[in-house]
Amino acid sequence: MSGLPGFLIDDRLHFPSCPSQGGQRFLVEMAAPLTLLLVLAVTIRAALFRSSLAELIAERVEVVSPITAWKRVVEGLALLDLGVSPYSGDVFHETPLIIYLFHFVVDYAEITFMLADVITAVALYMAVKDYNKQVFRKQKFALEADRYPLDCLELIRSPKEMYYIPLKVAMFYLLNPFTILSCVAKSTCGLNNAVVALFIFSTIKGNTLLSAIFLCLATYQSIYPLTLCAPAMLYLMQRQYIPVNFRRASFWWFIAQYLFMYLGSLFVLICLSFFLLGSWDYMPSVYGFILSVPDLTPNIGLFWYFFAEMFEHFRLFFLCVFQINVFFYTIPLSVKLKEHPVFLIFMQLAVISIFKSYPTVGDIALYMAFLPVWSHLYRFLRNTFLVSCVLLACSTLFPVLWHLWIYAGSANSNFYYAITLLFNVAQVGQPGRSQRRLLIESLTETPCSPLRKSQNEKSY
Amino acid sequence: MAAHRCCFPVWLFILCSFSLFIIAGSQETTVAPEQHASVLDNPQTAAETAEQTAGESGGVEERRWEGTEVRDAAAQKQAEPAVLQPTPQPKDDFQEELVVRPLHSGDIYASFQFRTLWETDFMRGNKVSHYRLFPKSLGQVISKFSVRELHISFTQGYWRTMQWGQPYLPSPPGAELWVWFQDSVTDVDATWKELTNVLSGIFCASLNFIDSTNTVQPSASFKPLGIGNVTDHRFLRYATLPREIVCTENLTPWKKLLPCGSKAGLAVLLKSEKLFHSSFHSQAVHIRPVCQDWQCKTTSWELRQTLNVVFDLHNSGQGKREWSLFKMFSRTLTEACPLASSSKIYIDITDNPEGEQFELSPATSLLSQAMVLGDRRTFSVYDLTQQDTFGSVRSLNLLIRWKSTEGDMLRPLLHAERYVAGYGLQTGEIHTLMYNHHPYRSFPVLLLDSVPWYLRLYIHTLTVTSKGKDNKPSYIHYQPSKDRVRPHLLEMLVQLPPNSVTEVTVQFERALLKWTEYTPDPNHGFYVGSSVISSLVPSTVAMDTNSTRERPLFSSFFPCKEESSYFVRVYTEPLLVNLPTPDFSMPYNVICLTCTVVAVGYGSLYNLLTRSFQIEEPSPGLAKRIANVIRKMRGFPGTMG
């Protein structure tokens, strides 16, 4: 035993969520604040649905995109009622499953969207709790094996602070104004978030089949979650103690298994959509629309103004350059972060929400919910204050400059564009900075690095 | 689908009555007497009325009635839609006429029609190479593109229905083109594209701007006006260019299509400096196949060139309310076109039976009566083929001198208007108001709206209300738009209750376009073509059931078919809609700035992916560092910790 103080081992290793003892009690203890949080969140949303603000919010371009706008879903339903294929026009771009879902629940749309938010929050809550348990177990082993250098002790997480992290995650999601706006606008982004959250939950629980199915649903909804495939496989392999080694058969066998389940369910979904509508019209209308960005309605992303001002003969080139950004970082990030698949999921979500073609604030809310998970590393963040101020200022300036441009006519498009640009600069730093702090963390946690060993020996 | 099927008889009827009104307008037609005896009834009635009028006016002059026939619609239905001349006649035939209608607003409406009829067949593979009266350029267009019917109009100004009544030939502001192709055409879109380009050259107009983004295929509003009952709207193309400006360069090629050019006949009057100094100007070309005889064994091609002008003499008349041919057109007539088989001028004197409103000189004794737009109109006729029309001065200068300014016009039974509501550049709402002024009868109208793709219509926001109540359309044909490919098409059959306003509203969203897609004057706005409202309107004649006319009692109980309703097409105003614009001056800046942000994102990720973290050794003090340097210089390996 090195110079580790005794209280550390005594206090910190007693993690209350240990299933062997007091599981029942814990459930009751934790369920109360969560329920309270859910009730509060639902109340806020219900109140906003009833207010006159709901209509205003539903029109906001920051909150709804041409894909996720509720108005367009209703339009799709109206077209279906008229006997016109919803995909014959360029108004409706949601997937066939969504339109059939709302064909039945259109009268309960508000409840559906609140439910989606609740599902997302609960799934994230459970997932993070499970993840924390594992982190804590790992930390315990490391402590017992005496692998932590003394100067890193302050990074060791105490059960007390970890205890509230799942609740914080749920709170960050449910009470985030971005999520609330998105829900009140009935943006279908909330449903996508729920699917992604369920995917994360089932992955962390280690259920390979459900993970593949939910990932496939998320991909089906908006292509981009495709990149979450890599972290999911990494995590599941880590959990099943399959080494990430290209020369091992077990590695390839697992990959094949997962991809088979993923592609199989994707195939089923696509065929199901085909049989629901009887045509392949939806493929260009949904996926072609996402990839080729024909609709230049302003949003908080980088695409709209860039492609409005693009020279026609360069359009395809820059389209590829911009779209590749989402997929491009997957492999290097997976290599770099293969020990931290959950963090990789977070990174991928952030990259998607920044570089996707029609981003909304709902996408940002999803990855922001993960911030509390790594809260113990905040000290390594740089410019936190500046970045949060910029994000906050931009969020308030969006409606102001929109009003000046569209309604007052005293500003032009450049004003709004400038704000989106600033917003994205602030966001672009986010994954990078988060990763930075995680890398530092991984450095402190890397047990067998020779450098670390020597350092330890030298110090003590 | 059921609604569509129900519509078909209605449409057949519309078709028949429309052709009736056209034929009634062209005065030369005669009917084989054995065809239907009932036809004789009407001229007789008319003659009676004429006698009566003549008697009342104290026998100022003896008026002759031209052998006009107002035809029975029912009989019309039995025969082919367009029954024409009996067989013995030249291979081709040319007629010209001018109708002048003094409007109640004090304006003058002059409508020219030139009709060329040619017994030939452009189809069936035989090459037509010898052209006489029919313009060769159009003949080649018909045969090359397998056109069944072609209607093109260029209009400057907007027809004010509430002030001027219905026009003889309605047309929307800008250019309008609709074509029915033969069913032998395989690639209709390609043919249409080529045809518009060719027509663009023929008429010196920007018809080449017609592409798939402003072309629609109406399912019910535009039916063939000639023979043939093909109603498969795959062979129909309809497009409008509301922005098109009509001027001299369009008039000159149009005049060149006339057999006499502008050298002789009525076309002498068509001088552009006067024609375009008017409130409304519309020129059109209509080509359609018609029957040669009532058995319709062979078909002929009819080319109808029309030109409608409304002169605002009230303003330019130096205080005096009078007009003459010379004042309007700065020319007088000296002869008919030598190639024309008939050349006539009609002056509408219905409101002026005893000359109390205006005085017409030189006076003519020839009168004619026709059913025009559901109303029985009386015309003074000047036959230019008769030498005595020109009198001793060898020139005809018609003169109308107004005596009184009062007199009210019968309100048009159907009229429509349209506007955009809402503020800001994000969303908006199109309101279309349709007025039914009939005191007790409701009638259905077909509304056609073609809206460009950059105004994204939300069909679920469509509301139709009349008299404060929801008025559900019995038939809706909606084709949503495709970005940069095709416009929205909305067709509805709406029943207009009597004496009511029906309001159709639909919301739209304004799209942000690529900077190259804007017109050179983007802040002027974008035009949306007129809505087209087609309807069978109960006629004004049938409106007074308590008929004041002297008619036998047995003939007036059931409404007479020919008078019961008539076909009307009303065009609303085109809309001018503003769209949000990007800043056109800074594509380079935007490309640079956005790329910078993406590069920053890439850079920060790249940085972190390639960077490896090291624990920083606590930096040694200055003395130690110097000592290390000295050690190195002296050749000792390693450093001191």
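Glycine too: its Cβ is placed from the backbone N, Cα and C atoms.
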Quiz item: Which one of A:27-55, A:172-200 shows up in TrEMBL as transmembrane segment?
Solution: A:172-200
Quiz item: Looking at the ranges A:220-241, A:286-307, which is given as transmembrane segment in TrEMBL?
Solution: A:286-307
Quiz item: Going through A:108-128, A:172-200, A:286-307, A:343-373 one by one, which has the most CB pairs that fall under 8 Å from the transmembrane segment (A:314-331)?
Solution: A:343-373
Self-check item: Positions whose Cβ lies under 8 angstroms from the transmembrane segment (A:286-307), at least six residues beyond its ends
Solution: 61-62, 65-67, 87, 90, 93-95, 222-224, 315, 318-319, 322-323, 354-361, 398, 402, 413, 416-417, 420-421, 423-424
